[in-house]
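Visitor: Following this message is one structure expressed as structure tokens.
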Amino acid sequence: MIKVKDLTRKYGDFVAVDNISFEVNEGEIVGFLGPNGAGKTTTLRVLTGFSPANSGNVEIAGYDIFENPIEVKKRIGYLPEFPPLYTDFSVKDYLSFVADIKGVESRKKKEYTEYAVEKCGLENVYKKTIMNLSKGYRQRVGIAQSLIHKPDILLLDEPTSGLDPIQIIEVRNLIKELRKEHTIMLSTHILPEVSATCSRVIIINNGKIIAKDTPENLSDKLTGAVMVKIKIANDIEKAKIAVSEMDVVKKIESNEDMLEVELKNKEDISKVIKNLVEAKADILSVVPSSASLEQVFHHLITREEIV
Amino acid sequence: MKNILAIIKKELKHFFYSPLGYIIIAVFLFISSFFFRDSLHSYLEMSIVAENPMGEAQALSINQMLFGSFLWVSALVLIFIVPIITMRIMAEERKTGTFELLSTSPIRNYELILGKFFSQIIIFFVLMIFMSPYFISIYMIQKFALIPVFVGVLGYFLFGVSCLAVGFFFSSIFKNPIHAAISTLGMLLILWISRWFGQITEGIPGKMFSEVSIITHIDSFMKGIISVKDISFFISFIFFMLLLANLYIDSIRWRE
């Protein structure tokens, strides 16, 4: 759906996006993750046809963005970081205008508007002036605006920024729901967002892509090992000795009633448990923990050697 | 064409949904009616003088003496009203971020500019329709030759649209509507007074100052004369301003 090759975008001498390449396939939700100022918005703006590029190719839905911007724009829905709303309009008037400029045919306009309104849950505020809507609703109007022409691709720039926790969950659920009908690429600097919604992550920092993978794989790659926390009810020292003799164990630590064991493979967890049972340890809980995205992210942007 | 119509519709909604639209119309009508009363008053005084056998007989053209002088003063009022009409037309889109919506939609730059500019012309046309009772009421009292008056109104219209084009250009280059309004007002005043510069300067520079002034080009219209030179001045002026606006809007994409 989206093919980006060797894309570079400069502002004067400042290189905002530095020779990046990636692909997004149909039906995916791809998270574009990076700290503020990493080049996420710039990349999305190039993909929408808003911003030109200094070099590189961008192909969207089979069309070259620089040669055929109008065709590409017909197939893209875009939600900028701040929803582009005419606050003096009612939701109805606003969506009607957007449908017109997005090239929705008059006979399909009603059906498409109903689709966007229903998806985003705007029935109750449809006739209200946007000025009087809460931030959460404004964001939904922004999303409705991006899908009113039923585009193949949705580009969402920080779709949950500035919302309260309940609104964030609502918007995430909405995005997951939209996945059925659109290919989605969303940018964010909030990590849980990616693990909550995306099937794939592209991490960008200082204009360069530093990692591309699924959220789970990224965590595994970072640690290269599996951590298990085992809670023991009886003699912890005895249990520690029993486990530390095993050759699959890389490292072991104990504090109070908790054993923290670092293993080479996930499969070795069962061996450890067997050993503990033979040593008559009473196991209360076993919790495997892999590195959180937070750690991956921090790791990647401080030492850019992974992948 | 469909895109242009969609943009015209949207802009008219903005104007007529907001109190500002009605304030502009009210203020403009209040001031222009005052000037009309004033023009009518001096015309009547001159008529009395002319009818007096002792007075110097002179040809009193209702077109030049009444409508011409009224439209001329009214053009001055336009210089102050136009910046307020045009200030937000492009600037606000960039200030609120809706410019991104427009430029990521499948519409072309010229459609955006024409749509917006036509909406401004329509608003100006509405203002002119509100002024029509002045003319109609006089016509009901005393029939006059219509064509010269229409020519005067055409000149006034072209002048107004040229002012709108200046306003459009400045609204395109600023993000803040107030900055756009002040620059437009300044530019229109400069274009106005350059005529006086022309009068006090000799030779070719004087001629240039005078020709650049938009007000110079409405004179012949006010006399009921359609001059190809003046019409082509106005049309090229409007075209030039829109072209500059287009170039600037195109360049925004490289900077943002």
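In case you wondered, yes, glycine gets a Cβ from its N, Cα and C as well.
TrEMBL lists these features:
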type	residues	note
DOMAIN	B:56-244	domain 'ABC-2 type transporter transmembrane'
TRANSMEM	B:15-36	transmembrane segment
TRANSMEM	B:70-91	transmembrane segment
TRANSMEM	B:112-141	transmembrane segment
TRANSMEM	B:147-171	transmembrane segment
TRANSMEM	B:178-198	transmembrane segment
TRANSMEM	B:231-249	transmembrane segment
Visitor: Where else in the chain does the transmembrane segment (B:231-249) make close Cβ contacts, counting only residues six or more beyond its ends and a cut-off under 8 Å?
Guide: 90, 109-110, 112-113, 117, 158-159, 161-162, 165-166, 168-169, 172-173, 211, 214, 217
Visitor: Tally Cβ pairs under 8 Å between the transmembrane segment (B:147-171) and each listed stretch (B:15-36, B:70-91, B:112-141, B:178-198), then give the stretch with the top tally.
Guide: B:70-91
Visitor: Against which stretches of its own chain does the transmembrane segment (B:15-36) lie, if we need a Cβ under 8 Å and a gap of at least six residues from its ends?
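Guide: Long-range Cβ neighbours of the transmembrane segment (B:15-36): 70, 73-74, 77, 81, 84-85, 119, 123, 126-127, 130-131, 134.
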Visitor: Looking only at residues six or more beyond either end of the transmembrane segment (B:178-198), which have a C-beta under 8 A from one in the stretch?
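Guide: Sequence-remote neighbours of the transmembrane segment (B:178-198) are 76, 79-80, 82-84, 86-88, 90-91, 163, 166-167, 170-171, 206-216.
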